[in-house]
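Trainee: Let me give you the structure first, and then I'll get to my questions.
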Amino acid sequence: MSLDAHTPMPGRSLADRILRRGPLEAIATTIIAAGVVMLMQPVSLTLYSWSFATTLFGTVLFTIVSKVRE
Amino acid sequence: MNDLSASSRITYGAVPLQPGLVRRVRGLSDKALAWLFITPTIVLLLAINIFPLVWTIYLSFTNYRANRSNAPVKWLGIDWYQTILTDPDIWAAMQVTAHFVFWTVVIETVLGFGLAFLIDKKFRGHGMWTTIILLPMMLSPAVVGNFWTFLYQPQIGLFNYVVAFVTGRSASSFQMLGDVTLSPWAIVIVDAWMWTPYVMLICLAGLRSIPDYIYEAAEVDRASKWRQFWSITLPMALPFIMLAVLFRGIENFKMFDMVNLLTGGGPGSTTEVASITLKRAAFESWRTGYSSAFAIILFVTVFGLANIYVKALNRVKSR
């Protein structure tokens with residue numbers, strides 16, 4: 001049986017596989033983008049009201065996860 | 001001749017360095033020397049970047065007004081943030097900004113990539129055409145603002161005459177900067193005119209980075225030009241396009257100078273982008289605490305987008 005990059009390594013937990021920089025940065029980036037869209041959308045004032053909190057949370061998350069190991 | 005005697009004759013300009021000073025500098029470790037050189041930069045950075053930012057964050061929680069600096073300052077907590085984030089007028093300004101950012105980025109990306117695709121083909125005089133296309137980007141936004149104000153003049157403006165020539169309607173029958181429907185598009189046109197060359201340059205770098213052997217392999221496989229474009233050119237230039245989109249998005253989100261010169265936010269508030277609303281609150285209404293909170297909201301948004309930009313930049317670099 002051959003092992004490729006996508007094969008889960010034995011002994012690595014689910015948390016180990018998820019808590020890496022790549023996926024976490026992708027999550028943070030998505031939250032930031034959602035915050036920016038909420039800030040500028042013309043549909044809902046409630047979404048606009050929560051946009052800053054969302055962007056701030058995404059930015060703080062991005063700053064933290066960019067220090068996590070690859 | 002030993003080293004000390006040689007170094008004691010070192011001069012800086014016309015002033016000879018004191019031997020004692022040379023000896024003291026020589027006694028420093030590499031790390032200490034590095035700190036010595038980097039400290040002025042750090043101090044300058046703290047003084048002109050970090051301190052104003054921290055001070056703005058502090059002011060955003062107070063009722064401070066710059067025109068009444070002796071008045072007692074009251075701590076308001078997050079009141080200004082709540083006010084701004086529930087204000088329909090600020091929401092409207094954000095939508096004006098969104099219209100401006102969205103259309104400028106779309107037009108600049110489509111035209112910029114198209115121009116880059118054409119310029120990438122070697123043809124006679126392509127260097128000269130590249131230089132001509134890049135000219136608007138080299139102008140100052142203040143110059144461009146004034147220049148286009150004249151071009152948009154209904155009586156003498158060239159833009160109105162060109163539109164009149166193409167459409168057949170009277171040149172003085174419409175005002176690009178005075179009409180509530182046309183003015184948001186007037187600022188989009190000017191920004192697209194000025195910054196499409198920049199997007200073209202980034203896309204050109206992306207297109208030039210695609211190795212020829214990939215196209216040669218596609219030719220061997222009898223792939224059509226259309227298939228080559230969709231399967232090779234576009235995917236390989238995509239990180240560069242993303243970079244241009246993010247950079248222009250961030251820049252246009254902060255846009256102030258050109259819009260201020262062209263329309264000043266008018267007519268009414270149809271072209272009042274966020275930075276113009278901010279300027280009015282800060283320097284016309286003198287609501288310093290309020291405008292500081294607004295500035296922090298815009299800063300966090302730009303900072304978040306800049307994080308995505310840096311991530312995209314690293315992806316391009318790693319190619």
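Cβ coordinates are placed from backbone N, Cα and C, and glycine is handled just like the others.
Since this is a predicted model, take the numbers as computed values, not measurements.
Among the features that TrEMBL reports, domain 'ABC transmembrane type-1' is placed at B:94-309. What TrEMBL lists as transmembrane segment is B:33-58, B:100-119, B:131-151, B:185-207, B:228-250, B:290-310.
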Trainee: Can you say which of B:33-58, B:228-250, B:290-310 has the most Cβ pairs under 8 Å with the transmembrane segment (B:100-119)?
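Mentor: By Cβ pairs under 8 Å, B:228-250 leads among B:33-58, B:228-250, B:290-310.
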Trainee: Under 8 Å between C-beta atoms and at least six residues away from its ends: which parts of the chain pack against the transmembrane segment (B:131-151)?
Mentor: 115, 119, 157-159, 177, 186, 190, 193-198, 200-201, 257-258, 260-262
